[in-house]
Amino acid sequence: MAPAKKGGEKKKGRSAINEVVTREYTINIHKRIHGVGFKKRAPRALKEIRKFAMKEMGTPDVRIDTRLNKAVWAKGIRNVPYRIRVRLSRKRNEDEDSPNKLYTLVTYVPVTTFKNLQTVNVDEN
């Protein structure tokens, strides 16, 4: 077991989930849709991308860009790309009556090869 913290050592910091941030990730779709029937592969891949974005960015509201949708569906419903490079942007919700303060926008990043790619923070332009 880890040693117990003393009572007065609590840090009051604000959660990083409330900050606006943009990162690029490589998602291995292949392992996420392994064993899925042919006619459900592309739809499941999009659900898995949505789930990945929800987990990484901590926002229940995830919006997928049309170019990403086209990239997943480019080879048809059965032959989904093995990997895909995406940019996840956590943004403030402009809609006042929305239950969520933030949403995540998932956009497609075309790359020639996936070798030696890391998750990177992207500066807001």
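Here the Cβ of each residue, glycine as well, is placed from N, Cα and C on the backbone.
In Swiss-Prot, the entry for N6-acetyllysine among Lys51, Lys75 corresponds to Lys75.
When the C-alpha distances from Lys55 (N6-succinyllysine) to the modified residues Ser15, Lys75, Ser98 are tabulated, the minimum falls on Ser15. Distance noted between the C-alpha atoms of Ser98 (phosphoserine) and Lys70 (N6-succinyllysine) is 28 Å.
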